[in-house]
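Q: The transmembrane segment feature in TrEMBL is assigned to 26-50, 70-86, 136-154, 197-220, 241-264, 276-294, 306-324, 330-348.
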Amino acid sequence: SQYSAVDTNPLSVYIMQPVWNKIIKIVPLWIAPNLLTFSGFVMILVNYFLISFYDWDYTASGTSPGLVPTWVWLFSAFTTFCAYALDSIDGKHARRTQSSTPLGELFDHGLDSWATSIFVLSFFSVCSRDNGKTGVSVYTMYIYLSIVLFNFMCSHWEKYNTGVLFLPWGYDISQVVLIAAYLLTGTVGVEVWQKPFLFGYYITDVLVILLIGFSLFLSFPQTLYNIHRAYLKKTLKNDSLYEGLLPLVSPLLLFILLTVWVVLSPGNILAKQPRLFLWMVGVAFSNVICKVIICQMSSTQPELFHWFLFPLALVVYAAISGLLGWMEEVVLAVFTVLVTAAHVHYGVCVGRQLSEHLNIYIFSLKKRVQE
C-alpha cells in the first residue's frame with residue numbers, strides 16, 4: 001500500500017518544516033534514510049540510560065539543588081532535538097534519494113512506537129516523583145504514560161481503518177515542550193519545577209492538564225471524526241465493525257492487566273520499581289502496536305490476542321495472589337529483560353525478512369545482488 005500522511009499542525013507546517021528543509025540539504029546522498037531513523041533512536045536511548053544512571057528512582061530532582069549534573073539536562077535538550085530532527089527528515093531524505101520502501105515506513109513507525117514511551121520516561125526525571133512537597137506521584141506517571149501511548153495507538157488505529165496517517169498535533173508540540181523543559185532545567189536548575197507557577201499550580205500540573213486536554217478533546221475526537229468521514233465517503237479499509245475494532249483489543253487488554261497489577265500489587269510494585277515497571281509498559285505496548293502497523297501495511301487482520309498477554313496474565317496473577325511474595329521485584333526484573341529481548345529479536349527478524357523480500361539493505365542504499 002502507498003504510504004500517505006497528512007500534517008495540518010501550524011507549528012509543524014510554518015516553523016519546523018522550513019527548518020527541516022534546510023537541515024536535509026547537508027545530509028549526504030549516500031546515507032540510507034534508515035540510518036537517520038536509527039541514529040535518532042540511539043540518541044534517545046543513550047540519553048535515557050544517562051538520566052537513569054543519575055536518577056534511577058526518579059528522586060534526583062526532588063532535592064535542591066538537584067542531584068543531576070547540569071550538563072546532563074543540556075545534553076538531553078541536544079539529543080531530543082537531534083532525534084526530533086532525524087525523525088522529521090528521514091522520510092524527506094528517502095524521497096530525495098528515491099529509496100522510500102515499506103521497510104523504511106515500518107522502521108520509522110516501529111521505532112517511534114518505542115521512542116514515545118522513552119521520551120516520557122526521560123521527562124519524568126525532570127519533575128521527579130512526589131516527595132510530599134513537590135513532584136508527581138508514580139501513579140500519575142503511569143496514567144500520563146498510558147495517555148501518551150493511547151494517543152499513539154489512536155493515530156495508527158485510524159490509519160488501519162482509513163489508510164491515511166493523520167499526524168497528531170501533539171507530536172511537534174510535545175517535542176518542543178520537551179526540549180524547552182530540558183533547557184529550562186539546565187539553565188535555571190530543578191528548582192523551577194518546585195515553585196508554584198500559576199494560581200498555586202506547578203508547571204508539571206499544567207503540563208499534565210494540557211496533555212489530558214489535548215488527548216481527550218483534540219486527538220481522540222479527531223480520530224473518530226476522520227474514521228467517520230472515511231465511512232461516509234465509503235473509503236474505509238474494513239467492512240465490519242469487528243474488523244475495525246480488532247486492533248484495539250490487545251492494547252486494551254494489555255492496559256487492563258498492567259493496571260490490575262499496579263492497583264492490586266501486594267508489594268506496591270510501581271512505587272518500588274517505577275523505572276523498571278514503566279519501561280516494561282513501554283516495550284510491551286510497542287510490540288503490540290508494531291503488529292498493528294504491520295497488519296495495516298500488509299492489509300492483513302491482526303490476531304485477537306497478542307502473545308505477550310498470556311505470560312503477562314500469568315505474572316500478574318502470581319503477583320496479586322501473593323504467590324510471588326518478596327520475589328515480585330525479581331520477577332518484574334526478569335520479565336522486563338525477557339520482554340525487551342523478545343521485542344528487539346522481533347524487530348531484527350522482521351527487518352531481515354523485509355530486507356530480503358524487498359532485496360535491499362537496511363542501512364545502505366546499495367542494491368543486494370540477486371542470488
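Cβ atoms are placed via backbone N, Cα and C, with glycine included.
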Q: Tally Cβ pairs under 8 Å between the transmembrane segment (276-294) and each listed stretch (70-86, 241-264, 306-324), then give the stretch with the top tally.
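A: Highest pair count goes to 241-264.
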Q: Do any residues of this chain, six or more beyond the ends of the transmembrane segment (330-348), have a C-beta under 8 angstroms from a C-beta of it, and if so which?
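A: Cβ under 8 Å, 6 or more out: 110, 114, 269, 273, 276-277, 279-280, 283-284, 286-287, 290, 308, 311-312, 315, 318-319, 324.
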Q: Assess whether the transmembrane segment (136-154) lies in contact with the transmembrane segment (70-86), where contact requires at least three Cβ pairs under 8 Å among residues 6 or more apart in sequence.
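A: Between the transmembrane segment (70-86) and the transmembrane segment (136-154), which are separate recorded stretches, there is no contact, as judged by 3 or more close Cβ pairs.
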Q: Mind checking which residues reach the transmembrane segment (70-86)? Cβ under 8 Å, same chain, six or more beyond either end.
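A: Non-local partners: 19-20, 23, 36-37, 39-41, 43-44, 46-47, 50-51, 54, 115, 119, 122, 126, 175, 178-179, 182-183, 185-186, 189.
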